[in-house]
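Student: Got a structure for you, written out below as structure tokens; questions coming shortly.
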Amino acid sequence: MAQMLLHGTLHATIFEAASLSNPHRASGSAPKFIRKFVEGIEDTVGVGKGATKVYSTIDLEKARVGRTRMITNEPINPRWYESFHIYCAHMASNVIFTVKIDNPIGATNIGRAYLPVQELLNGEEIDRWLDICDNNREPVGESKIHVKLQYFDVSKDRNWARGVRSTKYPGVPYTFFSQRQGCKVTLYQDAHVPDNFIPKIPLADGKNYEPHRCWEDIFDAISNAQHLIYITGWSVYTEITLVRDSNRPKPGGDVTLGELLKKKASEGVRVLMLVWDDRTSVGLLKRDGLMATHDEETENYFHGSDVNCVLCPRNPDDSGSIVQDLSISTMFTHHQKIVVVDHELPNQGSQQRRIVSFVGGLDLCDGRYDTQYHSLFRTLDSTHHDDFHQPNFATASIKKGGPREPWHDIHSRLEGPIAWDVLYNFEQRWRKQGGKDLLLQLRDLSDTIIPPSPVMFPEDRETWNVQLFRSIDGGAAFGFPDTPEEAAKAGLVSGKDQIIDRSIQDAYIHAIRRAKNFIYIENQYFLGSSYAWKPEGIKPEDIGALHLIPKELALKVVSKIEAGERFTVYVVVPMWPEGVPESGSVQAILDWQRRTMEMMYTDITEALQAKGIEANPKDYLTFFCLGNREVKQAGEYQPEEQPEADTDYSRAQEARRFMIYVHTKMMIVDDEYIIIGSANINQRSMDGARDSEIAMGGYQPYHLATRQPARGQIHGFRMALWYEHLGMLDDVFQRPESLECVQKVNRIAEKYWDMYSSDDLQQDLPGHLLSYPIGVASDGVVTELPGMEYFPDTRARVLGAKSDYMPPILTS
């Protein structure tokens, strides 16, 4: 049967199954009184496999899109009555329902039921009993499953490609946290912005864009807190200083983060920290050079002090199999990066306080402080002498000199009702893993800390509407509902006896589907939609990187090509994932990335050919990385030692170049909507039951791309980022969807790549945006550039290589 595109939303309900055969029991599907008698004997004498747990899954061909809870001791007629809200962007001929029996290791299939996709396309509701079949599609006795489905095609969605549209836009539906109004958002590029770096960027209402300084603001927020300081991090390092700009000194700014937190705790401020407990240090990855998280050092530093620092492992939910539990606890992380404090009200005379939160990609640890100059060598005797970070070379050290690894990141400050949602997230996590109940009871401080309330008037043109999203499950957050019905009401997804918040992925999908003109993404990783990859040397169904984001982006571009409209997707990623670039883990991730790009370009080139358009697919979807190259200056830091000869380190030092590490997790849509958080575009971050993540999504209701382009803070922020990356501004950058803009940006980035990769070094790079070094053939196949099999100064393949020993669950 031919496969058809399901692109939209599938509402599905699995009610019950009937007359199942139980392979675990000698009683099989015998009459109930016989089954009970035989199973009682089995349990008494210790034969058989004990209590039977039955669950059902939903697949679009080989892509898993839903899973019920387990029903215990009802192996013949289990009743689930569970409903699913499924975003789909899949080619499929059938919706497949599989009934399984759970085992301590893995599961046993009872059979599968099939509903042809063709029957769903008219959008009518189908309520039906389906035969459960064996692998030969033959019915398994009288076994049946009762399901209900209705498909809503994305093209019939009144919000498809319409943008935010209205100040009444309610936010992303079916989520744990609702959208909040009357908020204020501060956007940060990198940990610091030097004075006078950003040129004049005009905004609406005669205003100009004003940059903000993340670590200075966090320093002030912690310093001025009077009641609470709550911090979560993948890594928190006590020895860093937050204030380092000699042109912008602050009283007490030379204190380390650890000393500052101890000082505040000794003053009576409740300081609670949840730092990821790197239990195994993910041995395979660690060996390849990923940075140590300092978790043990941080815990030891605060031991015996007034600071309550808890190392929390990424514990599984209570429901997984032995293998699943082991995978979660050893392979996945707590990745949220938040700071929550009480803060003075804007009118200084008041004694009342409010909650302010910080959310984004920046951990409070070493290697993160940087500015838009992203110097490789010129700060090694000052800002970065005691904060030298270079995990891509096995033996790198300040003694051997640069290049250091520059760090590009994005963060945000949230004020108003949204800040309280970040606080609630911390409280849920602390109650689950924090141990002692040390959370401040804010209702007891209601005279001092005002409850959630707007910080901007509705008529203020700078107001924001903001929504909080997460990837997290009941193993990491306290108080999730126990039943699928209650979970659905709370905007959560129920799985095989686990409750999951997967709203970050939902937020990305929702924003992409609404997009009208362009999308700009910066992310540390870009891989996924593996169900649509070509099966070259792999079985796509074995990879498990099932999130929809790359496929949604490709389908958005395809829809615009078919409609004869312009649309451009810009994606900035690191040159390679942090670590030794030749290592198995880095090469495996690059291989997944290449397959993801190729899947997207294949869709786009097929759409262009179908319309008879001869065009470069990079005019519609284009990838970049960041890098720097510096000529040697007099008076530069002189290292005491030399790198080992003929190594990546020595070659990079000689060539005076290195990548700028893109650690950001951000998407801008039409200059009107922005997502910032900790979540990468990979399955680990988007799954919900793997790495724990947090993100905000927001817009300014008075600055929407309705009748004219949006010119609010999000536009100014994108233009500031483009100035940082390109080293210039141009009027054409105000129309990113236009052919003129994308071709100009691509030309500049190709020129910068040629300068970066050249054997000659005549001058500093004028900008940092480099065209990602791949070619795209007319059929969408991603190729090496001529003479560019390896990244400069390395023996690391640009297109990556499939790993024979690294499990996909770890690298995807």
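All positions are counted from 1 along the displayed chain.
From the backbone N, Cα and C atoms, a Cβ is placed for every residue, glycine too.
Feature annotation from Swiss-Prot assigns domain 'C2' to 1-130. Under the heading Ca(2+) binding site, Swiss-Prot lists D190, H374, H408, E724. What Swiss-Prot records for 330-368 is domain 'PLD phosphodiesterase 1', and it gives sequence analysis as the kind of evidence. The 1,2-diacyl-sn-glycero-3-phosphate binding site annotation in Swiss-Prot covers H335, Q524, H663. Marked as active site by Swiss-Prot on the basis of sequence analysis: H335, K337, D342, H663, K665, D670. The annotation domain 'PLD phosphodiesterase 2' is assigned in Swiss-Prot to 658-685 on the grounds of sequence analysis.
Give me the lay of the land around each of these features.
Tutor: Per-residue confidence over the domain 'C2' (1-130) averages out at a pLDDT of 83.
For E724 (Ca(2+) binding site), other Cβ atoms within 10 Å of its Cβ number 24.
A coil conformation is recorded for Q524 (1,2-diacyl-sn-glycero-3-phosphate binding site) in the three-state DSSP classification, outside any helix or strand. The Cβ of Q524 (1,2-diacyl-sn-glycero-3-phosphate binding site) lies under 8 Å from the Cβ of G361, V573, P574, P577, V662, H663, T664, K665, N680, each of which sits 6+ residues away along the same chain.
Reduced to three states, the DSSP call for H335 (1,2-diacyl-sn-glycero-3-phosphate binding site) is coil.
Long-range Cβ contacts of K337 (active site) within its own chain (separation 6+, distance under 8 Å): T232, G233, W234, V359, G360, G361, L362, D363, L364, H411, S678, I694.
Look at D342 (active site): DSSP puts it in a strand. The Cβ of D342 (active site) has 26 neighbouring Cβ atoms from other residues within 10 Å, across all protein chains displayed.
Sequence-distant contacts of the domain 'PLD phosphodiesterase 2' (658-685), counting only residues of its own chain at least 6 positions beyond either end whose CB sits under 8 Å from a CB of the stretch, comprise 163-164, 187, 234, 332, 335-337, 359-362, 374, 376, 402-412, 469, 471, 504, 507-508, 511-512, 514-528, 530, 544-547, 549-550, 572-576, 578, 625-628, 652, 691, 693-700, 703-705, 709-712, 714-715, 717-718, 736, 768, 812.
Take the CB of H663 (1,2-diacyl-sn-glycero-3-phosphate binding site) and look out to 10 A: across all protein chains shown you find 23 other CB atoms.
If you draw a 10 Å sphere around the CB of K665 (active site), it holds 28 other CB atoms from the protein chains shown.
Around the Cβ of D670 (active site), the number of neighbouring Cβ atoms within 10 Å comes to 25.
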Student: Other than its close neighbours in sequence, what residues sit by the domain 'PLD phosphodiesterase 1' (330-368), given a CB gap under 8 Å and a spacing of at least six beyond its ends?
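Tutor: Beyond its ends, the domain 'PLD phosphodiesterase 1' (330-368) has Cβ neighbours at 188, 191, 214-215, 217-218, 221-222, 224-237, 239-240, 242, 257, 274-276, 278-280, 282, 291, 293-294, 312, 314, 387, 389, 391, 405, 407, 409-415, 418-420, 422-423, 425-426, 429, 448-450, 452, 455, 468, 476, 524, 663-666, 676-679, 684-685, 690-696, 809-810.
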Student: Where D190 (Ca(2+) binding site) and D342 (active site) are concerned, what is their Cα separation in Å, rounded?
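Tutor: With distance taken Cα to Cα, D342 (active site) is 24 Å from D190 (Ca(2+) binding site).
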Student: Can you figure out which of H335, D342, D670 (the recorded positions) comes closest in space to H408 (Ca(2+) binding site), comparing Cα atoms?
Tutor: H335
Student: Who sits close to H335 (1,2-diacyl-sn-glycero-3-phosphate binding site): which same-chain residues at least 6 apart have their Cβ under 8 Å from its Cβ?
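Tutor: Result: W234, W276, S678, A679, S685, D691, S692, E693.
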Student: Between E724 (Ca(2+) binding site) and D342 (active site), how far is it from one CA atom to the other, in Å?
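Tutor: Computed Cα spacing between E724 (Ca(2+) binding site) and D342 (active site) is 33 Å.
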Student: Given D670 (active site) and H374 (Ca(2+) binding site), what distance in Å do their CA atoms have, once rounded to a whole number?
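Tutor: So the alpha carbons of D670 (active site) and H374 (Ca(2+) binding site) sit roughly 28 Å from each other.
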Student: Have a look around D190 (Ca(2+) binding site) and count the other CB atoms within 10 A of its CB, chains all included.
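Tutor: Total other Cβ atoms inside 10 Å, all chains included: 27.
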Student: Between D342 (active site) and H374 (Ca(2+) binding site), how many Å separate their Cα atoms?
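Tutor: Approximately 33 Å lies between the Cα of D342 (active site) and that of H374 (Ca(2+) binding site).
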